[in-house]
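The structure under discussion appears below in the form of structure tokens.
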Amino acid sequence: MLHQHKTLGEFINENQHAFKYTTGELSSLINSIRLAAKVVNHEVNKAGLVDITGAAGDVNVQGEAQQKLDVYANDRFIQTMINRNIVCGITSEEEDDFIVVNSKDKNHQNKYVVLIDPLDGSSNIDVNVSVGTIFSIYRRITPIGTPVTKEDFLQEGKHQVAAGYIIYGTSTMLVYSTGHGVNGFTLNPAIGTFYLSHPNMEFPEDGNIYSVNEGNYLEFPEGIKKYIKYCQQIEDDRPYTSRYIGSLASDFHRNMIKGGIYMYPKSTKNPEGKLRLLYECNPMAFLAEQANGKASDGYKRILDIKPTQLHQRVPFICGSRNMVDKAEEFMKQYS
Ligand code: P6P
């Protein structure tokens with residue numbers, strides 16, 4: 001019975017004291033994400049009925065056809081955060097450059113920057129497969145009272161103050177961390193309330209699920225090929241099961257609950273990998289480490305990478321600690 005669970009609002013209030021910057025701004029920021037998630041969820045869930053599926057005709061900075069829901073979700077999250085005057089800047093997968101939030105009446109006093117992939121996996125929308133929103137939050141590092149700069153967005157992932165995702169799937173869930181573990185909330189759409197359904201989520205140290213687009217196998221680095229064959233060998237606890245949804249948040253979420261590893265390696269088609277460091281890999285890596293898991297580019301910790309561009313890509317391996325360790329062993333042996 002969901003109503004027996006704590007609501008997200010109660011959880012945020014109870015845990016506000018645990019966060020060292022207790023101005024309440026972070027709580028307000030999480031609340032604004034909560035609100036935007038409900039609005040986007042409403043549209044995503046009826047996408048098949050209303051003419052908002054299909055490409056919007058534009059292409060985004062990545063050169064990818066923008067689905068109307070991409071554009072809608074982007075607008076909703078950005079407007080919700082701007083209207084609440086909580087952040088000083090926003091970077092989105094759908095925006096070429098970062099957005100300076102001109103809170104002149106507050107003279108740029110807002111402390112946080114948000115980086116967001118408003119609708120990740122959007123190519124799944126038209127085929128009714130789950131999609132997600134991924135967000136990452138930092139405190140600005142340039143002086144308060146001045147407009148935000150690119151440096152505020154190019155911080156290493158280990159400096160994140162919060163990160164999370166929303167999955168618009170069989171149920172809509174908000175999963176996030178402010179550095180004190182990972183908690184999952186399920187939306188009761190009948191009353192529009194998120195309830196704490198998955199407290200203290202953790203990756204099992206081992207797992208038997210591997211998630212990778214094997215269509216790219218021939219283009220993968222040798223170490224990845226060897227690891228995939230290791231997963232398929234008939235011995236010990238293997239073969240593992242292959243599960244790949246095509247939505248990072250969904251594959252990550254399943255692997256965190258059941259144990260597993262997600263890989264998006266580099267390839268000849270994607271020499272730096274496909275996933276974006278700032279608003280896909282860093283937030284998921286933050287959550288992974290908060291959930292006793294691990295995230296690397298095959299050689300080093302994702303959260304230690306110093307970003308140089310807003311939309312840069314990195315190879316990404318993430319999930320159960322012992323599985324990521326094994327993949328890194330193969331990468332080291334065959335690199
Ligand atoms: P591919 C969605 O576009 C995404 O960013 C992730 O959510 C997903 O895991 C991956 O790319 C899918 O990419 O090349 O396998 O279709």
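Just so you know, glycine gets a Cβ as well, placed from its N, Cα and C.
Matching Glu93, Glu94, Glu151 to the Mg(2+) 1 binding residues that TrEMBL gives (Asp117, Leu119) identifies Glu93.
According to TrEMBL, Asp117, Asp120 bind Mg(2+) 2; the candidate from Glu10, Glu235, Glu272, Glu280 that the record adds to this site is Glu280. Substrate is bound by Asp120, Gly121, Ser122, Ser123, Asn213, Tyr244 in TrEMBL, and the record lists one more residue there from Lys150, Lys158, Lys274, which is Lys274. For the recorded Mg(2+) 1 site, residues Glu93, Asp117, Leu119 set the reference point as the centre of their Cβ atoms, and the other residues of that chain within 8 Å of it by Cβ are Asp70, Ala73, Asn74, Ser92, Glu94, Ile116, Pro118, Asp120, Ser122, Thr133, Ile134, Tyr279. Asp120, Gly121, Asn213 are the binding-site residues among Leu119, Asp120, Gly121, Asn213 whose C-beta comes within less than 6 Å of an atom of ligand 1, given in sequence order.
Asn213 (substrate binding site) and Asp120 (Mg(2+) 2 binding site) have their C-alpha atoms 16 Å apart, to the nearest angstrom.
When Cα-Cα distances from Glu93 (Mg(2+) 1 binding site) are compared across the binding-site residues Asp120, Gly121, Ser122, Tyr244, Lys274, the shortest belongs to Asp120.
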